[in-house]
Amino acid sequence: MTDLNVEDLNKAVNTQVFDYSTLKDAAALLKQGKLVAFPTETVYGLGAIANNETAVRGVFQAKGRPEDNPLIVHVSDISQVHDTVANVSPLAQRLMETFWPGPLTIIFPLKEGVFAPNVTPGKKSVAVRMPRQMETLLLIEMVGFPLVGPSANLSGKPSPTAVEHVLNDFSGTISGVIKAQSPISEIGVESTVVLADDEQIVILRPGAITQNMLGKIAPVVEMTASQQLANKDVQSPGVKYLHYSPEQPVYLIPIEYTISDWLKEMDKQERKIGVLADEKMLKALEANKSFYSSYSLGSEGDVASATRQLYAGLRYLEQSSCEIIFAQALLDDDAGHAYMNRLTKASNFVL
């Protein structure tokens, strides 16, 4: 196997764009230790073969990701889990059979010597999921070994949900990216991460597989980021670091704010304002005040659309050269929890 040299990341490369018809070429690059981004139903992942320490190091370097931040491993079949982890609990097996392929990551006990050591730095566990994106399942199968796949963005920035987002961050840096047939990721935020060792499910990161869905399988609790930081052996990838933020400050506008409240806050600003909100709110604001740029989250009350458009909207507004972003909150219930989790982390100010 030809490893990616560390110094290769300082050299300009031709970033190829692959599609379903050229997956074999992308798989060949991954087997050589190169980096190739791939689509999933959640966000695009930055892929490297998970048993190549140098290639995995390249993922950390390309993203600017701290090397103590563990990576999620992506498999193409449940049988790969049994082959590569130390133990699969009966509860974890039920979760895989119920929600895979899909946006659920499960923490398993680590089997020593299977994955490159920098996949799970200092951990006794490994995070694994099986995405439902057909191109990526076939890609992993072609490679013949699981892939690491953290979000394919520069660390700390909004995650990518379109091939253009990946190219904006990594064109000339990574060997390739696979373009999905759909223009934007189906879900739009990262997977739910859970621990399922006993007869209780512990949510470490919320996502599209919600607490209510998981509760049909077993009792569920959610562990906060601060609780995870206090337990170094139980942490979701990324919990230690800031995420999802554009360059501009983001103001989270509470769900109870009326149009009048929005306008009062906007009147306080002398900076160019970008607005991220649903269609009804944007039309009401535009009828009363002009602002620099806007991005629609979709129809009022469409939580799935708002979640799908969140990162795309933050990226669009960041590139619009507005100077401050006003972002609309949703109800932080079972359906809106993943959206609010990501937007709260992206926000500098909560009004």
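Going from the start of the chain as shown, residues are counted 1 onward.
Even glycines carry a Cβ here, placed using N, Cα and C.
Summary of the site annotation: TrEMBL records ATP binding at Arg65, Asn69, Ser151, Ser159, Arg205. Screening the candidates Tyr20, Tyr244 against this entry identifies Tyr244 as the one listed for that site. Cross-referencing Ser182, Ser191, Ser245, Ser260 against the L-threonine binding annotation in TrEMBL, which names Thr42, His74, Arg129, picks out Ser191.
A sphere of 10 angstroms centred on the C-beta of His74 (L-threonine binding site) encloses 26 other C-beta atoms. Within the set Arg65, Asn69, Ser151, Ser159, Arg205, Tyr244 that the record links to ATP, no two Cα atoms are more than 18 Å apart, and one pair reaches that distance. Reduced to three states, the DSSP call for Ser151 (ATP binding site) is strand.
Note on proximity: of the binding-site residues Arg65, Ser159, Arg205, the one nearest Thr42 (L-threonine binding site) is Ser159, by Cα distance. A distance of 8 Å separates the Cα atom of Arg205 (ATP binding site) from that of Ser191 (L-threonine binding site). Neighbour counts were taken as the number of other C-beta atoms within 10 angstroms of each residue's C-beta; across the binding-site residues Arg65, Arg129, Arg205, the minimum falls on Arg65.
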